[in-house]
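> Attaching a single structure in structure tokens format; questions to follow.
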Amino acid sequence: MIREEFMEEPTSSSSMNKKSCKERYEQFMEDSWCAHFFLGPNPFMARYVYALIFLVTNLLAWTIRDYGRSALSELQRLRGCYGARYCLGAEGVLRISLGCFLFFFVMFLSTVNTKKVQDWRNSWHSEWWPAKIILWLGFMAIPFFIPSAFIQLYGKLAHFGAGVFLLIQLISVISFITWLNDCCRSEKNEKRCHVQVLVVSILAYMASIVGIILMYVWYAPRPTCSLNILFITLTLALLQLMTFVSMNSKVNAGYLAPGLMGLYIVFLCWSAIRSEPHTEICNKKAEAATSADWLTIASFVIGVLVIVMATFSTGVDSKCFQFKKTEAEAEDDVPYGFGFFHFVFAMGAMYFAMLFVGWNGHQNMQKWTIDVGWASAWVRIVNQWLAALVYMWMLVAPLVWKRRQVEAT
């Protein structure tokens, strides 16, 4: 009896330990971050999936533009193409862009004004991926059955949508820079971050000056390059003007924000000059890029990734576009604006189309090129001027409104 009891006890204890381990494992899985990451609606995971869909769409548009000519015989069967060579190339990019725009615009309409995580639209935004993949594939196919005239009309509307995207991105970047500047100048962080702010500001100004000098060397090698000289000189003037306005005693915005804005406008000037046609004699770097295939391919890959990252980062930054103060966030509030997120991606669909066709729906782009052409260059440079004006207005606007309120009283 004692032996039987001794033999039974370990068995019972073993089963209890196994049961206990199983229960603890299940409890761990329920409470773990991994379980919440993959199970149930997860808006944080969803935004990366949408970015991946957007990246795949960009690559599909590039493939059709550069390597889709061989598929033209198959597309002759489609009612909207009629065997025309414009079904692919620039118009093929517009068709893919239209499908991407329709997908994200439908998602925008179905998720706009979602406030709480209990809302069924949170589940639609964060789950139902098989259904949304089918929806995306359908929207990718539909534009190839649409007549060419309608596609050209969409190409004209895409100019406006791409402009809206650039404006949203511009405000997002400037808002981040001003937020960072205000955070470092706050009473809590001013003494603690003084050295870091000083170092970052000096490095930003030095990088801006070095960038301007290099642009003079690379893109204005002779006095006849008057347009490039004008672009670079205006960039230097805008850098000085922003610093002067920011350091004015009435504004007193510090030197970190104008330093970072200087880097931004130098980058925009460089992008504008790089977008000039490769036949431009003043663009030595563009000529070098055409002679080195690996450099052209690397620039293209980086350009596509920048489009996706810019769209992604702008899409989750809906708070900087709230023009009225809201109450403190509750635990059941959505982490970001779903409708704004999809709206930005819809405008981004128009934006990448303009980059792939050089802002001209009838232009034949070379392989592995992106955002090349005089139209692209002028869009970039106007975006730079607008960025400087918006930044300086954000500094001066509080003084203007305060003065008007004083005069009104």
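A Cβ is built for glycine as well, from the same backbone N, Cα and C atoms used for every other residue.
Given the structure is predicted, the values throughout are model-derived calculations rather than measurements.
Dumping what TrEMBL says about this protein:
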{"type": "TRANSMEM", "residues": "48-65", "note": "transmembrane segment"}
{"type": "TRANSMEM", "residues": "86-109", "note": "transmembrane segment"}
{"type": "TRANSMEM", "residues": "129-150", "note": "transmembrane segment"}
{"type": "TRANSMEM", "residues": "157-177", "note": "transmembrane segment"}
{"type": "TRANSMEM", "residues": "197-219", "note": "transmembrane segment"}
{"type": "TRANSMEM", "residues": "226-247", "note": "transmembrane segment"}
{"type": "TRANSMEM", "residues": "253-273", "note": "transmembrane segment"}
{"type": "TRANSMEM", "residues": "294-316", "note": "transmembrane segment"}
{"type": "TRANSMEM", "residues": "336-357", "note": "transmembrane segment"}
{"type": "TRANSMEM", "residues": "378-401", "note": "transmembrane segment"}
> Short question: which residues 6 or more past the ends of the transmembrane segment (253-273) have a Cβ under 8 Å from it?
173-174, 177-178, 180-181, 184-185, 197, 200-202, 204-205, 207-208, 211-212, 215, 219, 228, 231-232, 235, 238-239, 242-243, 245-247, 283, 371, 376-378, 380-381, 383-384, 387-388, 391, 395
> Can you tell me which recorded stretch out of 48-65, 226-247, 378-401 has the most Cβ pairs within less than 8 Å of the transmembrane segment (129-150)?
48-65
> With pairs restricted to those 6 or more apart in sequence, evaluate whether the transmembrane segment (336-357) and the transmembrane segment (86-109) have 3+ C-beta pairs under 8 Å.
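Answer yes, regions in contact.
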> Using Cβ atoms and a strict cutoff of less than 8 Å, what residues sit near the transmembrane segment (226-247) while being 6 or more residues removed from its termini?
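Tertiary neighbours of the transmembrane segment (226-247) are 208, 212, 215-216, 219-220, 253-255, 257-259, 261-262, 265-266, 269, 272-273, 276, 282-283, 381, 384-385, 388, 391-392, 395-396.
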> Against the transmembrane segment (157-177), which of these stretches has the most C-beta pairs under 8 Å: 48-65, 86-109, 378-401?
378-401
> Under an 8 Å Cβ to Cβ limit, what residues of the same chain, 6 or more beyond the ends of the transmembrane segment (378-401), are close to it?
166-167, 170-171, 173-174, 177-178, 231, 234-235, 238, 241-242, 245-246, 250-251, 253, 257, 261, 264-265, 268-269, 271-272, 275, 354, 359, 371
